[in-house]
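Asks: Before we start, here is the structure in question, set down as structure tokens.
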Amino acid sequence: MESVWSRQETFPPITVALIDTGVDLSHPELKPVLVEGVNLVDRNKPPQDDNGHGTQVAGVMAAIRNADGIAGIADNVRLMPIKALDRYGEGSEATLAEAIRYAVDRGARVAVLSVGLLKDDPAVREAVAYAERRDVLLVAAVGNNQGPYVHYPAAYPTVLAVGGVGLDKKPVPDANYGPEVDLVAPWLVYTTALGGRYEYRKGTSMAAPQVAAVAALLRAKRPEWRAFEVRERLRQTAEDIGPPGWDERTGYGLLRADRALAADRLPADPREPNDDAASASVFPLGKMIAADIGPGDVDWFRVTSPYDAVLELTFDADAPASGRVDVHDAAGRLRASFSWMSGQKTDVPVRQGVNLIRVTGASDRKTTVGYRLSSRLRMNPDAFEDNDEPYKGYVLPFRSQTVWGTFHRDDDRDWFILQTGIPAEVRIEAAPDTLRMDLVLGWMKAGGSEIAIDEGGRGRAEQFGPLHIDPGTYYISVRSFDRTAVVGMYQLNISISPVYTDPHEPNDRPYQSSDMPPGGAAEGVVADGRDEDWFRFWAESDGAVIVELNGRGGDGRLTAVLLNAEGRPVAEKSWFGWESGVLLEAPVSKGMYYLKITGDGTGGAAPYALRVQTRRLFAGFVDVEGHWAQSAVAEAVSRGWVDGYGGIRFYPDRPITRAEAIAAWAKAAGYRGGRDVPEVHFTDMPKTHWAYPYVAYATARGVANGRSPGRFAPDVAMTRAEMAAFVDRFLDDRRSAGGWTSSPFSDMTPAHWAYGAVLRLASDGWLQGYPDGTFGPDRPATRAEWIHLLTLLAGRARRDGG
């Protein structure tokens with residue numbers, strides 16, 4: 001300031017409102033510059049400072065220059081003390097809004113607010129807009145110790161937001177920062193204190209009055225400049241001390257009173273050149289900037305958004321004006337276009353990250369016009385809207401989950417519904433991702449009253465639980481305590497642990513087993529990895545037991561063990577809690593059997609359901625009796641041609657592989673292995689293959705061949721056409737078709753390679769087609785179909801004496 005004072009310029013008096021805790025009205029450095037103010041905390045008292053903060057701010061600006069104490073920056077300031085904060089430095093939003101309006105209505109040209117709120121209050125927002133309309137410049141501190149959250153009112157578009165730097169011109173880590181920062185000034189000052197004293201103080205509260213004082217000097221020197229022009233002058237003349245250009249910690253730079261007061265005229269549009277995307281000018285989110293638009297001119301701006309959101313743009317011009325605003329992504333791709341008109345708001349969608357805004361004037365504009373562009377970010381509605389009332393609540397699945405919500409407008413309230421048919425333990429947490437959000441979390445059972453909690457405070461999570469709930473419908477509500485729209489999101493975490501009761505406990509030992517009648521069902525719960533559930537049942541006769549195992553939820557692994565009366569395991573099966581229809585099967589003899597259920601303990605308690613059935617065996621299997629090929633299967637099994645798969649099921653309708661088919665034929669033909677056989681040279685039939693001897697035997701007999709050159713395809717399903725051709729070759733493919741001259745099957749014509757074989761076997765009554773009149777030559781042959789043909793072959797061989 002020495003360079004400014006040395007010019008010995010005389011500036012006319014100008015009124016600056018100090019909205020704070022008041023001022024020490026008798027301080028010798030301040031008393032001469034005071035004008036009438038007001039105490040909005042107690043209107044029956046003068047605005048006497050009972051905290052000290054307001055007096056400290058006042059000294060930085062306006063302490064008289066004399067031989068004693070200190071000297072304030074601007075000796076032309078007439079200080080209007082407005083006490084809006086109490087002795088503890090606290091006050092209401094309503095009082096702050098009233099203070100701003102008081103300052104405007106009583107003739108202040110500048111107002112300094114070294115106060116702050118984390119929330120965007122509608123009354124304060126409107127008071128700030130009122131000051132701008134009345135050409136009053138507001139200067140406010142960004143706040144301290146809360147990181148990337150510039151306080152309101154500094155965060156409003158038309159308020160000059162001031163941060164702090166140290167003596168080394170580096171940003172002070174404790175100063176708040178963000179897209180709303182305009183300028184920085186020294187953080188540490190020596191200033192006036194209560195009782196006529198002086199003291200060192202630090203904080204952005206001490207930086208803001210330095211900017212306000214220079215603004216007062218500038219307004220006195222250039223009374224014709226409007227508030228936005230003073231803002232722009234201070235921004236444009238700041239010393240860039242951070243990364244080149246604007247940045248969120250130092251804004252446009254360090255306050256330079258000498259530069260601001262030296263220039264006699266406003267420069268041309270300081271954001272030019274910004275005529276293309278590559279030269280786009282930074283548009284700090286949430287602020288107002290000034291620019292010019294002329295014939296053929298294009299202004300590009302770069303906006304960085306923390307969310308996918310809506311950017312509310314307000315255009316104000318010096319003359320009636322209109323044009324287009326285009327929104328592009330970071331790569332320059334056009335995403336949306338809108339028209340703009342002076343004095344109106346335009347909503348444009350923005351994506352998280354960098355967005356490019358292109359502003360053009362009307363094509364018929366002939367002159368250059370100055371305009372102001374303000375921005376305000378609003379959240380998009382979340383995915384669960386419209387859910388502002390309980391009856392509109394969004395029904396969530398009854399499971400543990402995380403959902404994200406927003407408060408995209410004032411009085412937004414989000415309701416969610418949980419419906420359960422089982423008892424459960426529920427934990428609910430709502431956590432904001434911003435300090436600007438103060439959550440209220442509610443819980444209500446259908447037909448009951450809501451219980452709401454707000455214990456965590458701003459930026460902190462609210463929690464319910466554990467809540468033990470019965471089957472029914474429940475409501476969760478999440479809202480902002482401030483009932484205002486908030487730029488930010490909240491995370492709703494719901495943790496659900498079903499509470500299962502096991503009606504069979506205690507059944508942890510064989511002697512405690514729960515009885516199950518044949519065909520009976522039971523439900524139980526494996527509480528943890530140590531729990532065992534025992535059941536027992538009586539098999540009335542020799543046969544098989546089939547236990548259907550069904551999980552009822554969870555990620556844990558369950559195991560069922562079937563034991564005989566002596567406690568020896570007969571069969572075992574494992575399954576996961578989310579699986580159903582798993583079968584444990586085993587042959588049994590008449591007598592008592594036990595079933596033991598255990599779990600691995602992962603995922604908590606594991607509910608399950610059981611159903612036990614006993615079945616008769618036919619030919620050693622439960623799925624053969626009643627099948628059309630039951631006689632053929634019984635004969636083939638008894639003769640040792642085929643078997644099941646190591647259990648109680650034969651799977652007669654399962655496709656048979658070429659290897660299985662040839663092995664069954666070879667056994668039916670009398671080959672039992674153990675003899676030397678000619679080598680076969682299929683690349684996919686090594687001698688180690690289990691079916692190699694059978695394939696070699698059939699190949700030597702001339703009834704088997706490969707599917708493609710050099711390959712036998714042993715593990716591929718045999719087709720019905722291959723089945724027919726094999727049997728036909730064995731029977732002698734030179735025989736007639738029994739007088740048939742045409743195919744009875746719509747899909748078998750003389751052009752098909754197996755036409756003759758199918759026709760001959762069909763005429764013999766050995767093969768049949770499907771009800772739709774087709775044969776299905778390329779469909780897989782089943783185990784039953786192949787076994788049926790083998791028994792027919794064996795019968796003919798017996799009749800022929802073979």
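Every residue gets a Cβ built from N, Cα and C, even glycine.
Heads up, TrEMBL stuff is auto-annotated, nobody curated it.
What TrEMBL records for D20, H53, S205 is active site, charge relay system. The domain 'SLH' feature in TrEMBL is assigned to 616-679, 680-740, 741-802. Feature annotation from TrEMBL assigns region 'Disordered' to 501-523.
Describe the structural context of these features.
Replies: DSSP classifies D20 (active site, charge relay system) as strand under the three-state reduction.
The Cβ neighbour count for H53 (active site, charge relay system), using a 10 Å radius over every protein chain in view, is 20.
For S205 (active site, charge relay system), the same-chain residues that are 6 or more apart in sequence and have a Cβ closer than 8 Å to its Cβ are H53, Q56, V57, S114, A141, N144.
Per-residue pLDDT, averaged over the domain 'SLH' (616-679), rounds to 91.
Note on the region 'Disordered' (501-523): residues 423, 531-540, 552, 567, 594-595, 607-614 of its chain, located 6 or more positions outside it, place their CB under 8 angstroms from a CB of the stretch.
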Asks: What count of other C-beta atoms do you get within 10 angstroms of the C-beta of D20 (active site, charge relay system), across all chains shown?
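Replies: I count 29 other Cβ atoms within 10 Å of it.
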Asks: Using DSSP, what's the helix, strand and coil tally for the domain 'SLH' (680-740)?
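Replies: Residue counts for the domain 'SLH' (680-740) by secondary structure: 21 helix, 4 strand, 36 coil.
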Asks: Using DSSP, how many residues in the domain 'SLH' (741-802) fall into helix, strand and coil?
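Replies: Across the domain 'SLH' (741-802), DSSP assigns the residues as follows: 27 helix, 2 strand, 33 coil.
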Asks: By DSSP assignment, list the helix, strand and coil residue numbers for the domain 'SLH' (616-679), in that order.
Replies: 20 helix, 4 strand, 40 coil
